[in-house]
Amino acid sequence: MSPRLLRRAGSALRYLLLSLAAFLSVFPFFWMAIGATNTTADINKGKVSLGSALSANIASFVAAVDVPLILWNSVKIAVFGTALTLLVSSLAGYGFEMFRSKLRERIYAVVLLTLMVPFAALMIPLFMMMASSGLIDTHIAIILPSIASAFIIFYFRQASKAFPRELRDAAKIDGLREWQIFLFIYVPVMRSTYAAAFVIVFMMNWNNYLWPLIVLQSNETKTITLVVASLASAYYPDYGTVMIGTILATLPTLFVFFAMQRQFVQGMLGSVK
Amino acid sequence: MAELSLKGIRKTYGSLEVIKGIDLEIEPGEFTVFVGPSGCGKSTLLRMIAGLEDISAGDLTIGGARMNEVDPSRRGIAMVFQSYALYPHLTVRQNMGFALRFAGVPKSEIDRQVMEAARILELEPLLERKPGQLSGGQRQRVAIGRAIVRHPKVFLFDEPLSNLDAELRVHMRFEIAKLHKKLGTTMIYVTHDQVEAMTLADKIVVLRAGVIEQAGTPRDLYADPDNQFVAGFIGSPRMNFLPAEIVTQGAQFALRLQGMEALFPLPALSASLSAGQRVTAGLRPEAFHRDGDTTVSLAVEMLEYLGGETLVHGRIAPTGDIITAKADAKDMLAGQERVRVAFNAADILLFDADGARIR
């Protein structure tokens with residue numbers, strides 16, 4: 001084969017692989033959108049074209065679920081949980097990087113070690129803690145355990161390594177207290193790191209399933225993820241209705257991701273250039 | 001009374017002592033330069049004065065008041081950092097007014113002060129820009145402006161020019177000297193560049209390994225160094241050091257440079273000498289001339305033509321020590337294998353085996 005032909009074959013192979021990957025990642029969304037317009041019978045048959053059951057599906061979803069309430073529950077947990085996680089975990093990451101102490105690396109190692117503990121192992125003690133504090137079936141029980149996130153602390157400490165120490169020195173000479181340095185210098189300088197962390201934590205909170213499933217017991221406190229899952233696990237699930245719920249559950253994360261895509265990429269690369 | 005005084009200042013990290021007892025008085029309006037090789041503690045000492053590092057022992061006073069435990073913002077100092085340390089998310093105007101804003105100064109007064117500093121440094125057209133949109137030299141001027149706005153008793157500069165290219169560095173050096181003249185404020189300046197030290201300083205403090213080797217005017221340090229380290233550090237190219245021996249010549253002592261026949265009668269020195277004592281003779285490259293009382297022949301290793309002058313790096317026969325001599329560029333040296341240079345014995349400085357000056 002001539003080198004030119006070889007190059008063409010290589011590029012064709014590359015496109016083939018990329019197309020396959022694109023198909024695999026996009027098809028579920030496509031299937032979800034198509035499914036929302038079809039009846040359960042059609043979906044079960046494997047129909048992949050637009051149907052005419054969209055309004056019927058929407059109507060049955062709205063009839064089955066208190067849509068504003070569950071959306072509000074999800075938004076509340078995701079937004080407050082994310083804001084608190086970013087505040088507390090970034091403060092910890094900042095502290096770990098800025099303050100020298102003999103114990104620093106040991107404490108940090110313990111924090112990182114908690115990343116290795118699977119959630120399933122924490123579930124029961126956590127549940128007992130929440131039960132003894134009377135927090136079962138409240139949203140606080142969902143938000144509290146995630147605020148100090150070892151991963152986000154780690155992420156912020158790594159990002160803080162690029163934060164110029166001389167900025168902190170300059171701010172001290174300008175008369176700022178430590179909390180003012182954090183708030184007025186660190187946070188704005190690291191804003192793309194915050195944006196990336198926001199996307200990650202928001203998605204984790206929004207999609208959180210297992211822990212809310214255990215803690216949230218009444219219909220009034222449930223999140224959209226729980227409701228969609230419970231619709232899908234009925235004896236005879238109405239897939240058309242489930243797809244409406246799935247779309248509703250997916251849209252906010254898509255919106256957050258696309259709205260912050262640029263900052264997300266920049267934050268992953270590092271805030272400080 | 002001294003504007004700033006250091007008495008027995010020490011800094012220890014655990015068992016490691018990095019500043020080993022510094023005593024220094026800095027007069028009002030004086031431009032003092034801390035100079036020394038990397039790791040000599042000059043930046044640490046500056047950061048201790050600024051309050052960015054704790055003082056392990058000793059007393060720091062600024063304007064007569066003890067400042068050891070005082071917050072950096074209340075010491076009456078302002079600092080210009082090597083990386084400029086401008087807040088990247090704020091405009092030039094906000095950067096310069098930042099300290100005043102946190103001190104609760106009214107907005108109109110901040111504006112007035114910022115405009116005044118901007119006028120001095122010709123920064124007016126840049127006030128609404130962010131640091132990322134400025135060149136290195138402009139950022140440096142903003143950093144200085146931020147310091148001026150605070151009206152400090154003492155300016156601290158931590159290697160402020162080392163991130164600039166050579167041409168800009170010379171320009172900014174000149175700007176800083178002009179600024180000092182205009183403001184008349186006490187300034188402390190840290191650098192490892194002895195040319196910056198020589199050109200800017202009223203007083204140079206040479207540091208090595210956490211102690212002051214010598215403090216004095218640039219002229220003193222150049223002409224009358226206390227020890228071999230200072231003699232070698234100040235002056236460019238550096239001083240030549242040649243092994244030598246004290247010999248007796250009649251009732252007097254004389255010096256014999258290793259490998260040379262000629263004896264140099266020594267003037268009456270206060271130090272006690274003994275015959276056979278090994279010493280080091282120091283001779284600056286610029287001490288060599290076309291004429292002098294002693295002539296040496298150099299086997300040329302390399303010539304560096306600098307335009308106005310030529311540096312001759314050559315071996316002294318028969319010891320093989322390489323010395324550097326400055327020659328007039330008008331002397332046509334190119335292509336010569338041997339060059340004769342002359343010096344006056346009176347220009348030789350003597351150091352004992354520990355490097356201390358023999359006077």
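Cβ coordinates come from backbone N, Cα and C, glycine included.
Values in this document were obtained by computation on a predicted structure and should not be read as measured data.
Over in TrEMBL, the protein carries these features:
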TRANSMEM  A:12-36  transmembrane segment
TRANSMEM  A:48-71  transmembrane segment
DOMAIN    A:71-260  domain 'ABC transmembrane type-1'
TRANSMEM  A:77-96  transmembrane segment
TRANSMEM  A:108-128  transmembrane segment
TRANSMEM  A:140-160  transmembrane segment
TRANSMEM  A:181-204  transmembrane segment
TRANSMEM  A:239-260  transmembrane segment
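Among A:12-36, A:108-128, A:140-160, A:239-260, A:239-260 has the largest number of CB pairs under 8 A with the transmembrane segment (A:48-71). The list of residues near the transmembrane segment (A:181-204) in space but at least 6 beyond its ends in sequence, with Cβ under 8 angstroms from a Cβ of it, reads 78-79, 81-82, 85-86, 89-91, 94, 146, 149, 152, 155-156, 159-160, 163, 167-168, 171-172, 253, 256-257, 260, 263-268, 270-272.
Contact count against the transmembrane segment (A:140-160) (Cβ pairs under 8 Å) is highest for A:108-128, out of A:12-36, A:108-128, A:239-260.
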